[in-house]
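Annotated in Swiss-Prot:
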BINDING   ASP13, HIS201, HIS203, ASN237  Mn(2+) binding site
DOMAIN    4-266  domain 'Pyruvate carboxyltransferase'
REGION    391-515  region 'Regulatory domain'
Amino acid sequence: MRNIKFFDTTLRDGEQSAGVNLNLQEKLEIARQLERLRVDIIEAGFPASSKGDFEAVKQIAETVRTCSVTGLSRSVRSDIDAAWEALKGGAEPRLHLFIATSPIHMVHKLRMTPEQVIEAAVEAVKYAKRFFPIVQWSAEDACRSELPFLAKIVAEVIKAGASVINIPDTVGYITPKEYGEIFLYLQNNVQNIENVSLSAHCHDDLGMAVVNSLSAIEHGATQVECTINGIGERAGNAALEEIAVALHIRKDYYQVETRLNLQEIKRTSNLVSKLTGVVVPPNKAVVGKNAFAHESGIHQDGVLKEKTTYEIISPELVGVPSNSMVLGKNSGRHALRYRVEELGYTLSDEEINQLFVRFKELADKKKDITDDDLIALIFEEKFDHFKDFYQLSSIQVQYGTNQIPTAVVVLKYGKGNEIQEAATGSGSVYALYNTLERCFQTEVTLLDYRIESVGGGRDALAQVFVKVRVRDVETSGRGTAQDVLEASAKAYINAMNRVFMIEAMRAENEKVATS
């Protein structure tokens, strides 16, 4: 059977989703989880784009040992140099070069002739091969390119040393039949193409990213580029979990193998969703909350008698736990650590100790601590204090049917400094956010506000996700608490801390650029 390699671009293309801004710690955690999932290649970022991206790619390359780490690069020497400096410490450094090949891109964006584009691509591949043992070359907007020109430039970059040829559907335009025909055309019209790997990269603008990727595999592709949960700019990218499970369940049809550890899929999906703030729809294939739910009486009866009547994917295949341990106030540190590890999370002794304190605080208020509660606590403890410019000290919100909602907030910042503000609003959350805006003394546009319960019951934790815009920065935040208003405040403060972190990084980049 052919082996299909999975090239994960969650940390590069996926992070281009509107409002998604991952910090270094979060990127490293996702990279470690992708390694546990056993993807073949992790595209960690675009090293030349910023100092922050460079550092993230460098640290991921030095951390990940069992899969290849790559970075994106334009066809210019300065980008290639930056990528090598970031990636040279990796276990298997490789470069992902690209240049546009469609008439619309060459004329309006690059302002280059086809001959100039070929020359730039060939020169970039030759230069990159001085450093990188593996060079992947991508024809941006390949699916709107003229096929004879596409074949010509692919032949030239193969001669120059490219070992992987990627054919991206950059704008999600192509149909499955047409996409497969492009791969066949190249195999029939490009000399020595049998000596390289063909790769697919599909966007979901017309809802066909996954089926296009599968069509490419049917027609000769041996690598597929995708993201966890299908996140990405505009309508997103092909969803890794859907392609992977389709290839597994229908191995009889596709006749291919992968090295993926499918039992890590659900955990990876949860991690990416929590850290990016991009919620997985309940009806999402493979990883949605309802993916294994049966409401129809006929379906329920069938599944109880024989699971395969209506269930083609077992929850256990993708890592949905079949058992749920309930912890309580009498549970000790050992039981907590055991369940954390059972759920697939790795925490240091210090992190376990901090988590145990939060666990005990919650157990005093809530009789049973479920897996969902525990995961929420892990995320809050491990990721939500990455760079706390401001911390919530206290909130007080007054609300009554015939009263104007009023909020009082105290924030801590720096070394022992405090801010206290009060404001009103037409509702409790409105009053709370007006007060926080006063604390930060800047105009904040709230783009999205979502709340969901963690588990069920009256004492369930509340989890709030917000998306904000401050000046030209758009980012998200999250907060968890038993009280809805406290969770709302934490989410807003978390988002603002991200804003200040991004602005500080930009200022540092500008300082480096002018020095």
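Every residue gets a Cβ built from N, Cα and C, even glycine.
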In the region 'Regulatory domain' (391-515), how many residues does DSSP assign to helix, to strand and to coil? 44 helix, 53 strand, 28 coil
Please identify, from the binding-site residues HIS201, HIS203, the residue with the sparsest Cβ neighbourhood, meaning fewest other Cβ atoms within 10 angstroms. HIS203
Does ASN237 (Mn(2+) binding site) have same-chain partners at least 6 apart in sequence with Cβ under 8 Å from its own Cβ, and which are they? THR9, ASP13, GLY14, HIS201, CYS202, HIS203, ASP204, ALA209, GLU225, CYS226, THR227, GLY230, ILE231
10 Å Cβ neighbour count around ASP13 (Mn(2+) binding site)? 23
Non-site residues, in chain order, whose CB comes within 8 A of the mean position of the CB atoms of ASP13, HIS201, HIS203, ASN237 at Mn(2+): THR9, PRO168, ASP169, THR170, CYS202, ASP204, ALA209, GLU225, CYS226, THR227, GLY232, GLY236, ALA238
Would you report the average pLDDT that the model assigns to the region 'Regulatory domain' (391-515)? 90
